[in-house]
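Among the features that TrEMBL reports, active site, proton acceptor is placed at ASP69. As annotated by TrEMBL, site 'Important for substrate specificity' applies to ARG12, THR70, GLN152.
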Amino acid sequence: MKRLILASSSPRRKELLSMNLLSYEVIPSTIQEVMDPSLSPEELVCSLARQKAEDVFRLHKEHVVIGADTVVVNNGTVMGKPAGRKEAVAALRSLSGRTHTVYTGVCILSEGKERLFSVSTDVTFWELSEAEVENYVNSGEPFDKAGSYGIQGLGARLVQSIAGDFYSVVGLPVSRVVRELESFGISAVSQEDDI
Ligand SMILES: Cc1cn([C@H]2C[C@H](O)[C@@H](COP(=O)(O)OP(=O)(O)OP(=O)(O)O)O2)c(=O)[nH]c1=O
(Lines of atoms letter the chains of each structure in order from A; the text may use other names.)
(Lines give C-alpha, C1' and ligand atoms only; values in the text may rest on other atoms or scores of the structure.)
Protein backbone atom coordinates (compact mmCIF):
# COMPACT_ATOMS: atom_id res chain seq x y z
CA MET A 1 0.00 0.00 0.00
CA LYS A 2 1.19 3.52 -0.78
CA ARG A 3 2.24 5.53 2.23
CA LEU A 4 2.08 9.31 2.53
CA ILE A 5 5.32 11.23 3.02
CA LEU A 6 5.34 14.87 4.09
CA ALA A 7 8.44 16.50 2.58
CA SER A 8 8.61 19.25 5.19
CA SER A 9 10.41 20.30 8.35
CA SER A 10 7.54 22.62 9.33
CA PRO A 11 5.98 21.59 12.68
CA ARG A 12 2.78 23.39 11.59
CA ARG A 13 2.36 21.32 8.43
CA LYS A 14 2.94 18.18 10.50
CA GLU A 15 0.30 19.17 13.04
CA LEU A 16 -2.26 20.04 10.38
CA LEU A 17 -1.84 16.64 8.69
CA SER A 18 -1.94 14.86 12.06
CA MET A 19 -5.29 16.46 12.80
CA ASN A 20 -6.69 14.99 9.62
CA LEU A 21 -4.90 11.89 8.45
CA LEU A 22 -4.40 8.35 9.60
CA SER A 23 -0.68 8.08 9.16
CA TYR A 24 2.20 9.65 7.36
CA GLU A 25 5.95 9.89 7.58
CA VAL A 26 8.04 13.06 7.64
CA ILE A 27 11.11 13.30 5.39
CA PRO A 28 12.13 16.97 5.01
CA SER A 29 13.60 18.00 1.67
CA THR A 30 17.08 19.45 1.58
CA ILE A 31 16.62 21.87 -1.32
CA GLN A 32 18.01 25.38 -1.17
CA GLU A 33 15.00 27.73 -1.43
CA VAL A 34 15.70 30.35 -4.10
CA MET A 35 13.18 33.18 -4.57
CA ASP A 36 13.20 33.65 -8.35
CA PRO A 37 12.04 37.28 -8.89
CA SER A 38 10.89 36.54 -12.44
CA LEU A 39 8.07 34.32 -11.14
CA SER A 40 4.63 35.45 -9.97
CA PRO A 41 3.86 34.59 -6.31
CA GLU A 42 1.66 31.68 -7.45
CA GLU A 43 4.40 30.36 -9.75
CA LEU A 44 7.02 30.82 -7.04
CA VAL A 45 5.20 28.86 -4.30
CA CYS A 46 4.21 26.13 -6.78
CA SER A 47 7.78 25.85 -8.06
CA LEU A 48 9.23 25.61 -4.53
CA ALA A 49 6.53 23.14 -3.42
CA ARG A 50 7.33 20.98 -6.45
CA GLN A 51 11.09 21.14 -5.82
CA LYS A 52 10.54 20.00 -2.21
CA ALA A 53 8.22 17.14 -3.24
CA GLU A 54 10.49 16.03 -6.12
CA ASP A 55 13.57 16.06 -3.88
CA VAL A 56 12.00 13.45 -1.57
CA PHE A 57 10.04 11.58 -4.26
CA ARG A 58 13.28 10.78 -6.11
CA LEU A 59 14.18 8.30 -3.34
CA HIS A 60 10.64 7.16 -2.48
CA LYS A 61 8.94 6.57 -5.83
CA GLU A 62 6.62 3.89 -4.47
CA HIS A 63 4.85 6.37 -2.18
CA VAL A 64 2.85 9.63 -2.28
CA VAL A 65 4.88 12.72 -1.43
CA ILE A 66 3.57 16.15 -0.49
CA GLY A 67 5.60 19.39 -0.53
CA ALA A 68 4.46 22.92 0.32
CA ASP A 69 5.75 26.47 0.39
CA THR A 70 4.38 29.69 1.90
CA VAL A 71 5.27 33.32 1.16
CA VAL A 72 3.80 36.67 2.18
CA VAL A 73 3.35 39.34 -0.50
CA ASN A 74 2.95 42.91 0.67
CA ASN A 75 2.63 45.73 -1.84
CA GLY A 76 4.52 43.69 -4.44
CA THR A 77 7.31 42.62 -2.09
CA VAL A 78 7.72 38.87 -1.57
CA MET A 79 8.67 37.98 2.00
CA GLY A 80 9.99 34.66 3.21
CA LYS A 81 11.42 34.01 6.67
CA PRO A 82 13.38 36.94 8.14
CA ALA A 83 17.18 36.69 8.08
CA GLY A 84 17.35 38.19 11.57
CA ARG A 85 15.85 40.60 14.09
CA LYS A 86 16.24 43.72 11.93
CA GLU A 87 14.47 42.14 9.00
CA ALA A 88 11.65 40.87 11.24
CA VAL A 89 11.09 44.36 12.69
CA ALA A 90 11.10 45.89 9.18
CA ALA A 91 8.69 43.24 7.89
CA LEU A 92 6.21 43.80 10.72
CA ARG A 93 6.40 47.58 10.34
CA SER A 94 5.63 47.21 6.65
CA LEU A 95 2.63 44.96 7.35
CA SER A 96 1.17 47.34 9.96
CA GLY A 97 -2.27 48.76 9.11
CA ARG A 98 -2.36 47.09 5.68
CA THR A 99 -3.74 44.08 3.85
CA HIS A 100 -1.24 41.57 2.44
CA THR A 101 -1.64 38.22 0.71
CA VAL A 102 -0.32 34.87 1.90
CA TYR A 103 0.32 32.31 -0.86
CA THR A 104 0.78 28.63 -0.15
CA GLY A 105 1.74 26.25 -2.94
CA VAL A 106 1.22 22.50 -2.67
CA CYS A 107 2.61 19.68 -4.78
CA ILE A 108 1.42 16.09 -4.41
CA LEU A 109 3.41 13.47 -6.34
CA SER A 110 3.05 9.78 -6.95
CA GLU A 111 4.26 7.56 -9.80
CA GLY A 112 2.70 8.99 -12.97
CA LYS A 113 0.53 11.56 -11.17
CA GLU A 114 0.98 15.13 -9.96
CA ARG A 115 -1.32 17.73 -8.41
CA LEU A 116 0.08 21.26 -8.15
CA PHE A 117 -1.92 24.22 -6.89
CA SER A 118 -1.70 27.40 -4.84
CA VAL A 119 -4.11 29.02 -2.41
CA SER A 120 -4.09 32.73 -1.57
CA THR A 121 -5.50 34.38 1.55
CA ASP A 122 -5.76 38.09 2.34
CA VAL A 123 -4.71 39.11 5.85
CA THR A 124 -5.29 42.58 7.32
CA PHE A 125 -3.09 43.78 10.20
CA TRP A 126 -4.06 46.30 12.84
CA GLU A 127 -1.99 49.46 13.00
CA LEU A 128 0.95 48.32 15.19
CA SER A 129 2.82 50.50 17.68
CA GLU A 130 6.62 50.32 17.88
CA ALA A 131 6.24 48.66 21.30
CA GLU A 132 3.95 46.00 19.86
CA VAL A 133 6.43 45.24 17.08
CA GLU A 134 9.39 45.10 19.51
CA ASN A 135 7.53 42.91 22.00
CA TYR A 136 6.38 40.52 19.33
CA VAL A 137 9.87 40.17 17.86
CA ASN A 138 11.23 39.62 21.40
CA SER A 139 8.89 36.62 21.73
CA GLY A 140 11.05 34.86 19.10
CA GLU A 141 7.96 33.78 17.18
CA PRO A 142 8.74 35.56 13.86
CA PHE A 143 12.00 33.85 13.06
CA ASP A 144 10.91 30.64 11.35
CA LYS A 145 7.88 32.10 9.64
CA ALA A 146 7.19 33.75 6.28
CA GLY A 147 6.34 37.43 6.76
CA SER A 148 7.76 37.28 10.32
CA TYR A 149 4.52 36.33 12.04
CA GLY A 150 2.47 33.31 13.04
CA ILE A 151 -1.30 33.82 12.88
CA GLN A 152 -1.76 30.67 14.96
CA GLY A 153 0.30 31.97 17.89
CA LEU A 154 0.96 35.31 19.57
CA GLY A 155 0.73 36.78 16.07
CA ALA A 156 -3.05 36.30 16.28
CA ARG A 157 -3.31 39.62 18.09
CA LEU A 158 -1.71 41.47 15.16
CA VAL A 159 -4.44 40.35 12.79
CA GLN A 160 -7.64 42.35 12.33
CA SER A 161 -9.25 40.07 9.74
CA ILE A 162 -8.60 37.42 7.15
CA ALA A 163 -10.36 36.55 3.88
CA GLY A 164 -9.71 32.96 2.88
CA ASP A 165 -8.34 29.76 4.39
CA PHE A 166 -6.79 30.22 7.86
CA TYR A 167 -4.86 26.94 7.55
CA SER A 168 -3.29 28.02 4.29
CA VAL A 169 -1.79 31.01 6.16
CA VAL A 170 -0.41 28.58 8.76
CA GLY A 171 1.32 26.69 5.91
CA LEU A 172 -1.04 24.07 4.51
CA PRO A 173 -4.58 24.44 3.04
CA VAL A 174 -5.47 21.23 4.78
CA SER A 175 -9.09 20.76 3.67
CA ARG A 176 -8.13 21.08 -0.02
CA VAL A 177 -5.12 18.81 0.56
CA VAL A 178 -7.25 16.09 2.19
CA ARG A 179 -9.65 16.20 -0.76
CA GLU A 180 -6.83 16.03 -3.32
CA LEU A 181 -5.21 13.12 -1.43
CA GLU A 182 -8.38 11.03 -1.85
CA SER A 183 -7.59 10.77 -5.57
CA PHE A 184 -4.17 9.33 -4.62
CA GLY A 185 -5.81 6.61 -2.52
CA ILE A 186 -4.93 8.31 0.80
CA SER A 187 -7.96 8.83 3.00
CA ALA A 188 -8.58 11.01 6.01
CA VAL A 189 -9.34 9.86 9.54
CA SER A 190 -13.05 9.16 9.93
CA GLN A 191 -15.00 10.68 12.81
CA GLU A 192 -15.25 7.25 14.49
CA ASP A 193 -11.49 6.63 14.31
CA ASP A 194 -10.92 10.04 15.78
CA ILE A 195 -12.93 9.58 18.98
C1 LIG B 1 2.32 33.62 7.57
C2 LIG B 1 2.64 32.41 8.41
C3 LIG B 1 3.65 31.53 8.07
N4 LIG B 1 3.94 30.44 8.85
C5 LIG B 1 5.01 29.49 8.51
C6 LIG B 1 4.57 28.30 7.65
C7 LIG B 1 5.87 27.76 7.12
O8 LIG B 1 6.38 26.80 8.05
C9 LIG B 1 6.78 28.99 7.12
C10 LIG B 1 7.17 29.40 5.70
O11 LIG B 1 8.32 28.73 5.31
P12 LIG B 1 8.37 27.58 4.22
O13 LIG B 1 9.65 27.73 3.49
O14 LIG B 1 7.11 27.55 3.42
O15 LIG B 1 8.39 26.23 5.07
P16 LIG B 1 9.44 25.71 6.13
O17 LIG B 1 10.85 26.11 5.76
O18 LIG B 1 8.96 26.08 7.50
O19 LIG B 1 9.31 24.14 6.01
P20 LIG B 1 9.65 23.20 4.73
O21 LIG B 1 10.26 24.04 3.66
O22 LIG B 1 10.60 22.16 5.26
O23 LIG B 1 8.33 22.61 4.33
O24 LIG B 1 6.04 30.06 7.74
C25 LIG B 1 3.21 30.21 10.02
O26 LIG B 1 3.48 29.24 10.74
N27 LIG B 1 2.20 31.07 10.36
C28 LIG B 1 1.87 32.17 9.62
O29 LIG B 1 0.93 32.92 10.00
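Keep in mind that glycine also has a Cβ here, set from the backbone N, Cα and C atoms.
Annotated features, which come from TrEMBL, shown on the structure.
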residue: ARG12; record: site 'Important for substrate specificity'; Cβ within 10 Å: 20
residue: ASP69; record: active site, proton acceptor; Cβ within 10 Å: 27
residue: THR70; record: site 'Important for substrate specificity'; Cβ within 10 Å: 28
residue: GLN152; record: site 'Important for substrate specificity'; Cβ within 10 Å: 17
GLN152 (site 'Important for substrate specificity') as reference: those recorded positions from ARG12, ASP69, THR70 with C-alpha within 10 Å of it: ARG12
Distance from ARG12 (site 'Important for substrate specificity') back to ASP69 (active site, proton acceptor), taken between C-alpha atoms, in Å: 12
Integer Å distance between the CA atoms belonging to ARG12 (site 'Important for substrate specificity') and THR70 (site 'Important for substrate specificity'): 12
For GLN152 (site 'Important for substrate specificity'): DSSP state (helix, strand, coil): coil
